[in-house]
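A short write-up of the structure that comes next.
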Amino acid sequence: MALRVAAFDLDGVLALPSIAGVLRHTEEALALPRDFLLGAFQMKFPEGPTEQLMKGKITFSQWVPLMDESCRKSSKACGASLPENFSISEIFSQAMAARSINRPMLQAAAALKKKGFTTCIVTNNWLDDSDKRDILAQMMCELSQHFDFLIESCQVGMIKPEPQIYKFVLDTLKAKPNEVVFLDDFGSNLKPARDMGMVTILVRDTASALRELEKVTGTQFPEAPLPVPCSPNDVSHGYVTVKPGIRLHFVEMGSGPAICLCHGFPESWFSWRYQIPALAQAGFRVLAIDMKGYGDSSSPPEIEEYAMELLCEEMVTFLNKLGIPQAVFIGHDWAGVLVWNMALFHPERVRAVASLNTPLMPPNPEVSPMEVIRSIPVFNYQLYFQEPGVAEAELEKNMSRTFKSFFRTSDDMGLLTVNKATEMGGILVGTPEDPKVSKITTEEEIEYYIQQFKKSGFRGPLNWYRNTERNWKWSCKALGRKILVPALMVTAEKDIVLRPEMSKNMENWIPFLKRGHIEDCGHWTQIEKPAEVNQILIKWLKTEIQNPSVTSKI
């Protein structure tokens, strides 16, 4: 029978360095006998303090004095000398602080889950009521988002290597032993699983374990794995009514300073799937919004409902309804225009602003914006989008074709006739009826976009393009203003529409602008180069938001 369940230990597998390794190092540093600390922690004393701890019969704070006393008695019995300031609590605090998530192993678990495996964490863990309990809480919070089940010994009253916990795992996952692969860093924990018929992998080092896991599951893990994305079913969804009959849908994760992620055309909150967990883990409250007209947000048909002035006002209302005085606004594509305007017209509500691909382009009050669009060949598709109903019919006819044609890397974006749409009578003219899915998306992800656009249609999203004159007149009111809030511009080398050179004069209007640049990247920056995007954003956010300079910028 084929494997369909993957069970992972926490310490030493999903979290490194292992506590056992730290205890071993401490034994050596204090010149203690081998296994003096490790033996106690590994429950070599049945019904002793550690077994009670792992079964949830006592808490960490109850366990510490018992272990301190046990260690002092053991030291006298074996003639070992403990330092006066010896503290099990301090040793464990240092061990917990040193641990971090083993990203390659987490990526492997995510890849298996994406392939259809049920994934589970099976760990001997404790009820942590210490003053450092937030360390364990943060790790478990992040990991639990990526697994179907979390089985902790302290919650179920059973520990590895007792056989009953493995039976509990099988019952919980509704699996047979020969359908399960189990990974642990202790052979003693694997033996009962192997005796029951599970496939077992002893994790001595991550690389070897992953090679073995690839072999037994028939799954090839990427050499340069992507950040772990969130899925629609694993995030919290919310709604804010910004005016009668109009609501905005958003996805939320994390705590800390608020970040509003704003997507472009034709996208969804889901386009930020690789950024949401990473930014939340970095210490931020992330709100990824379905922009007006998209997905589960309202999509009124009137063109004027999508005027930039109104869209910005509704973003302010969005913040008000959630009780958020200020937020970091990060936008891509059309939402890049929105976030720059938020910084110009509502700077008091903008803690910082960043745009992917879309530069700040102040209007020329002497030249009609439609003339500008007509003068730039690659903007021809925007002229095609102007007539209500025309582009809607083309894009809604076969949405699988639409999204597979749009979401492609810079190397094969030629499927779209962006510079000849009016001449050819469409933006999809000449594209295959059933294009192959690009390497930056999957069939399942394309299906989610289709599902979302079946709710909203393309009328609302296309209406963002149909307020050009109205937006121009409004934006002229900001002529002469400068953006003084912390700001970041991220350019993508191979974006054929929003080219990096279009941003070259931005420092004239944003004197303290920071920059990031991503090579070999096209228009769909967040999903084409998610690791690079995350690195740039988090570095900037930590500098500007979490550790800001005290120097005034005025």
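Here, residue 1 is simply the first one shown, and the rest follow in order.
Positions of Cβ are set from backbone N, Cα and C atoms, glycine also.
What Swiss-Prot records for this protein:
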ACT_SITE  Asp333  active site, nucleophile
BINDING   Asp9, Asp11, Asp185  Mg(2+) binding site
DOMAIN    257-530  domain 'AB hydrolase-1'
LIPID     Cys521  S-(15-deoxy-Delta12,14-prostaglandin J2-9-yl)cysteine
MOD_RES   Lys55  N6-succinyllysine
MOD_RES   Lys176  N6-acetyllysine
MOD_RES   Lys176  N6-succinyllysine
MOD_RES   Lys191  N6-acetyllysine
MOD_RES   Lys215  N6-acetyllysine
MOD_RES   Ser368  phosphoserine
MOD_RES   Lys420  N6-succinyllysine
MOD_RES   Lys454  N6-succinyllysine
MOD_RES   Lys504  N6-succinyllysine
MOD_RES   Lys553  N6-succinyllysine
Distance [Cα-Cα, Å, rounded] between Ser368 (phosphoserine) and the residue listed as 'active site, nucleophile': 21
Minimum Cα separation from Lys504 (N6-succinyllysine), reported as the residue among recorded positions Asp9, Asp11, Asp185, Asp333 that achieves it: Asp333
Chain-mates of Asp9, Asp11, Asp185 with C-beta within 8 Å of site centroid, Mg(2+): Leu10, Gly12, Val13, Leu14, Ala15, Ser18, Ala20, Thr123, Asp184, Phe186, Asn189, Val203
Per-region confidence, the domain 'AB hydrolase-1' (257-530) (mean pLDDT, whole number): 96
When distances run from the Cα of Lys420 (N6-succinyllysine) to each of the recorded positions Lys55, Lys215, Lys454, Cys521, the nearest one: Cys521
Pairwise Cα distance for Lys176 (N6-acetyllysine)/Lys191 (N6-acetyllysine) [Å, integer]: 17
